[in-house]
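**Q** Structure incoming, see below.
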């Protein structure tokens, strides 16, 4: 189950609808073999992002996405570091009801960074959601996470294109 909570004003001008986010996250979770997992997404503004960043990480200022895992890693990489994982439909975690945790996405950061990186805002938002989801699933920063982020982007955009539900990819 995917729960999406929006703070006042956070959706203004945001490039993805709640439905788009749900479809993309369902595709990403399926690729991780976590189709039945629970994830909460909070779409927030820079002020709340900065508050959460300071309170939980001791850092000042807003950040793009924060991941708050509910428990220990559930889908930690199982391959050798030089072998990036692929979409796994046969994972032992498939179709379970694991609570992965909460993602807090700053919609302001999506707009700023998409301009800074020259990416369409909807693609940058998806990339940040993939990144945060991988943290919830037990991945740490590094080449394997980078590869897996791209894999999840392909899963999300391929699913969206096939179903013609999410537009703009």
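Heads up, the Cβ atoms here are built off N, Cα and C, so glycines get one too.
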**Q** When Swiss-Prot marks a stretch as region 'Disordered', which of 48-71, 72-95, 96-119 is it?
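**A** It is 72-95 that Swiss-Prot annotates as region 'Disordered'.
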**Q** Return the count of C-beta atoms lying within 10 angstroms of the C-beta of residue 135 (Zn(2+) binding site), excluding that atom itself.
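**A** Taking all protein chains shown, residue 135 (Zn(2+) binding site) has 20 Cβ neighbours within 10 Å.
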**Q** Using the centroid of the Cβ atoms of 131, 135, 141 as reference, list every other same-chain residue with Cβ within 8 Å of it (recorded Zn(2+) site), in sequence order.
**A** 67, 132, 134, 139, 140, 145, 149
**Q** Looking only at 131, 141, which of these binding-site residues has the biggest number of Cβ atoms within 10 Å around its Cβ?
**A** 131
